[in-house]
């Protein structure tokens with residue numbers, strides 16, 4: 001090496017090395033030189049008391065290639081430790097940890113394990129199966145051999161098309177669940193299958209808003225722990241309005257639990273409701289839209305029976321929906337993520353914080369117990385705790401509640417059970433805050449705060465129980481139209497009182513909005529007045545100025561107050577008022593993003609790692625920089641998950657509904673040639689299950705309908721004529737009577753038409769259920785009708 005080349009390398013080493021704590025230098029410029037390599041130096045503290053950097057300090061150093069191992073840099077230990085002590089940043093620093101990111105990446109590529117090839121093979125297989133599923137849906141592959149010659153099932157969303165699901169065998173439905181075209185329609189265009197109520201569309205906008213709020217909070221948490229953060233920057237981050245919106249992102253977690261419990265409980269109650277009134281309401285909600293040349297007919301509904309077997313199938317369907325997206329995230333993290341990018345900190349963080357923990361506890365993620373084991377969180381895919389909580393709450397809280405409420409009719413027992421869970425959650429959150437000295441703001445400086453308040457199921461279970469409780473109250477409010485006994489209950493009276501007038505429900509909305517604003521900005525009294533105080537330690541900055549008992553009270557009750565406040569704001573939508581708010585949050589633009597929130601929630605952590613740790617410099621803890629990173633994560637996450645969910649999430653979600661869940665609703669109609677032969681229009685039939693029991697048409701039923709029509713005709717005429725005799729003006733009476741006669745004649749015509757349509761549809765329905773052996777008798781009976 002010449003002197004000029006040596007001098008150039010020395011100048012490059014000085015230029016690309018970090019000059020101060022958390023300065024990583026210039027990673028890309030250093031590794032461009034063939035004789036140089038980049039070294040990452042991390043110094044951690046052995047204590048968390050009275051220090052400005054409670055986590056760690058990072059340095060970037062460009063060194064010659066002669067440094068083959070980390071032992072060659074051990075002579076720098078005393079230099080870095082003494083520098084931190086002299087600068088007053090750490091009082092008891094530990095020995096520095098050295099790593100060479102570029103060398104680690106090269107070693108990784110040289111020793112590619114089976115996990116990489118297996119993950120790639122899985123994704124290639126999913127793409128191939130998606131194409132096969134598309135072909136199955138467009139062809140006759142997997143069609144049933146026995147297809148009725150009388151009736152055919154039609155697509156409930158498009159009555160002009162024959163239903164594909166009804167004519168496919170079970171194994172064909174398995175492949176058809178992966179069809180790209182079907183999943184695209186499911187995400188972008190098709191309405192919800194479980195609850196056909198436009199009022200529930202407001203949850204689309206709320207889902208997107210809450211998941212975006214959570215991502216914003218995660219951006220700040222990661223920057224606070226791994227970015228360029230000082231005590232002064234922490235203080236400055238508490239100034240203004242925006243920091244307290246970010247600080248309150250934990251409210252979005254509790255509200256997502258609430259929405260999951262509310263929608264899940266209401267959907268299962270509606271699915272398994274048994275009474276005649278409930279069947280009538282389901283028939284009305286699910287009545288198909290009449291199209292040109294198609295008339296709606298008398299409906300007969302068979303409700304799926306609520307049994308332990310049906311609930312077990314529901315649990316399996318739920319597990320199928322949650323499991324495979326989670327397993328794919330784990331596979332990507334272990335097999336593909338290390339090869340996706342490089343950077344000064346990426347390899348060190350990925351190996352020490354992700355790979356090592358997954359290799360030790362991968363089975364806990366697969367069994368969905370990673371929310372309780374290991375007892376102390378060891379990084380890894382820490383954000384997947386919510387999937388385990390969601391599945392456990394569904395199995396041990398929601399399913400028993402549905403069974404006891406709908407099958408055993410133990411309403412009081414269910415309500416007592418849910419209230420006990422809520423009280424337990426409040427007591428647990430308050431007690432853990434008081435005993436551990438937690439802050440009213442979620443901070444990662446206290447290792448066990450996240451575990452105790454959000455990861456372990458004892459705290460969030462109360463939010464889920466509130467959702468189930470509110471679902472019961474709202475279901476009973478809906479059923480009170482046909483059941484007067486429900487109007488005597490307190491929940492119905494409260495809802496009725498709130499929605500009695502526009503002025504009243506707007507007052508309650510203002511109260512809810514005031515509570516939300518109060519909860520978000522009340523923490524300013526704990527953190528906003530600390531910018532002028534210089535004697536505060538970083539722990540005091542994170543802890544705030546409230547006494548510990550007030551912190552415990554806030555952490556125990558604030559999330560429930562937030563749920564109640566948003567309920568007051570959106571309650572008018574669910575009682576049939578304030579359609580503007582419903583149209584705003586239920587806009588079609590939110591639908592595809594709301595249906596992919598599970599994919600976004602599971603994958604956004606990997607996206608954050610790639611964006612944060614592949615940068616040449618640690619993220620600067622400043623609002624503009626952090627908000628720009630949030631927009632980057634949000635945009636890439638929303639658009640990317642639309643594509644990923646069509647291959648990863650929705651195939652298993654559709655499979656759980658078509659293959660493993662309870663029998664689905666079908667719409668049947670007479671085939672075209674048979675309808676022409678009988679001289680009638682196609683009749684849509686809306687049912688649950690696969691069969692409808694046959695009933696013969698009795699002449700007594702026809703006579704009963706005629707007698708009821710005559711009674712309805714006589715009573716209003718007598719009343720009206722009595723009123724006419726009391727009128728002094730004969731001309732006016734004559735005109736009124738003639739108008740009344742014309743109106744009655746129109747009613748008579750309409751009643752006769754309805755009567756004929758009823759008889760016609762009943763004959764069509766019974767005829768469609770007949771066998772080929774008695775076709776002639778049924779035709780003769782239908783012509784007689």
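Just so it is clear, glycine is given a Cβ too, placed from its N, Cα and C backbone atoms.
TrEMBL assigns the feature transmembrane segment to residues 206-223, out of the candidate ranges 170-187, 188-205, 206-223, 224-241. Which of 95-115, 116-136, 137-157, 284-304 counts as transmembrane segment depends on TrEMBL, and there it is 116-136. Using the rule of three or more Cβ pairs under 8 Å, pairs at least 6 apart in sequence, the transmembrane segment (319-340) is not in contact with the transmembrane segment (456-477). Looking at which of 382-403, 456-477, 557-580 has the most CB pairs under 8 Å to the transmembrane segment (508-526), the answer is the stretch 557-580. Here the listed stretches are 116-136, 206-223, 243-269, 557-580, and the one with the most C-beta pairs under 8 angstroms to the transmembrane segment (592-614) is 206-223.
Listed as Cβ neighbours of the transmembrane segment (382-403) (distance under 8 Å, sequence separation of 6 or more from its ends, same chain) are residues 218, 253, 256-257, 260-261, 264-265, 268-269, 272, 306, 308, 311, 314-315, 318-319, 322, 326, 329, 365, 368-372, 414, 417-418, 421, 450, 454-455, 457, 460-461, 464-465, 468, 601-602, 604-605. Most Cβ pairs within less than 8 Å of the transmembrane segment (626-648), among stretches 116-136, 206-223, 243-269, 456-477, 557-580, belong to 206-223. Residues of the same chain lying 6 or more positions beyond the ends of the transmembrane segment (557-580) and with a Cβ under 8 Å from any Cβ of it are 199, 202, 206, 250-251, 254-255, 258, 422, 426, 430, 440, 462-463, 466, 470, 474, 477, 495, 498-499, 502, 505, 508-509, 511-513, 515-516, 519.
For the transmembrane segment (456-477), the list of distant contacts is 253-255, 257-266, 269-270, 371-372, 388-389, 392-393, 397-398, 401, 405, 411, 414-415, 418-419, 421-426, 428-429, 432, 486, 489, 491-492, 495-496, 559-560, 563, 567, 574-575: same-chain residues at least six beyond its ends, Cβ to Cβ under 8 Å.
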